[in-house]
Each structure stands twice: as C-alpha cells, then as structure tokens.
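Engineer: Can you read through this structure? Questions will come right after.
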Amino acid sequence: MTIEIGQKAPDLELKGDHGETVKLSDYKGKYIVLYFYPKDMTPGCTTEACDFRDSHESFAELDAVIIGVSPDSQEKHGKFKEKHNLPFLLLVDDEHKLAEAFDVWKLKKNFGKEYMGIERSTFLIDKEGRLIKEWRKVKVKDHVAEALQTLKDMSEK
C-alpha cells in the first residue's frame, strides 16, 4: 500500500549516516523534506544533494529538516556527506522498506537492461507527520527551488 496525500507517513526505523536509529516521528513538530535518490557520488544525485545543501539554511528558517534516502551503506553516505559538506541526514534504506512504502522502488531500464532502483522523488511531510506534497520522477534542475517555494507558500497560509 502506498502512502497518499493527507495520510500519516510511515514511521519505519532506518539507520542514519552515523549509525543511529532514526524514525520520521523523531522530527514531529518540523516539516520534513524527504528526498529519495538512486546512488551516492553519481552526477544527478550529487547535483541534487548540493542544491539541497545550498538551500539548507532557507529550509531551516521555515522550520524544515532535509533528509536524503538511498540504498547506499552508512560508509558510502559518510563519504558522500564529507566530500560535499552535506549538513543534513542521509538514511540507509538498504532493504528498500521506506522506498517501497513511498512507492519509489521501481523497475528501471538503462541501456536496455532492467533492474530495480530508486525513482528520484521528494515528499513534503507536515509537522504532524502527514504527507502534504509529493514530487515524483523528479528532474534535478530547479527541483530544490520549487520545493523551497512550495514550503514558503504553505508556511504563509
């Protein structure tokens, strides 16, 4: 079953990039910008992560935390964060539990080869833990700016 707008976000336990156990409910009282990306250190994923990094303060001013999610290991996340000075949490979803709950673990095709992987997507979760906005099949260019503007518009209401 896939989460839909207005529903509570799944509260699964995952490992953070420092080995800590993390649940989305740990951030109740804040907006969560939850973004799923395919793989650390790849061009599109690096661009997206750096765009979120560069807008991190603007999101924080709106009482939002940014959380990235991929199947990569804690060690790979650590190297990725260090190399690109990422100031936000990266979650290890090596069993694809959170990706499946948000329906972003998909059959993909590249150069004629089929495989399972993350469909780049972002979800905005409100301060009570409910999904309020989703962006699926994200194109990296201008995505972070759009997500930030959406949050600004919502917080002005």
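From the backbone N, Cα and C atoms, a Cβ is placed for every residue, glycine too.
Note that the coordinates shown come from a computational prediction; the quantities given were computed from them, not determined experimentally.
According to Swiss-Prot:
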type: DOMAIN; residues: 3-156; note: domain 'Thioredoxin'
type: DISULFID; residues: CYS45-CYS50; note: disulfide bond
type: ACT_SITE; residues: CYS45; note: active site, cysteine sulfenic acid (-SOH) intermediate
Engineer: Considering the disulfide-bonded residues CYS45, CYS50, which residue's Cβ sits among the greatest number of other Cβ atoms within 10 Å?
Structural biologist: CYS45
Engineer: Can you tell me the three-state DSSP label for CYS45 (disulfide bond)?
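Structural biologist: Assignment for CYS45 (disulfide bond) reads helix.
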Engineer: Over the span of the domain 'Thioredoxin' (3-156), how high is the average pLDDT in this prediction?
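Structural biologist: That region's mean pLDDT is 94.
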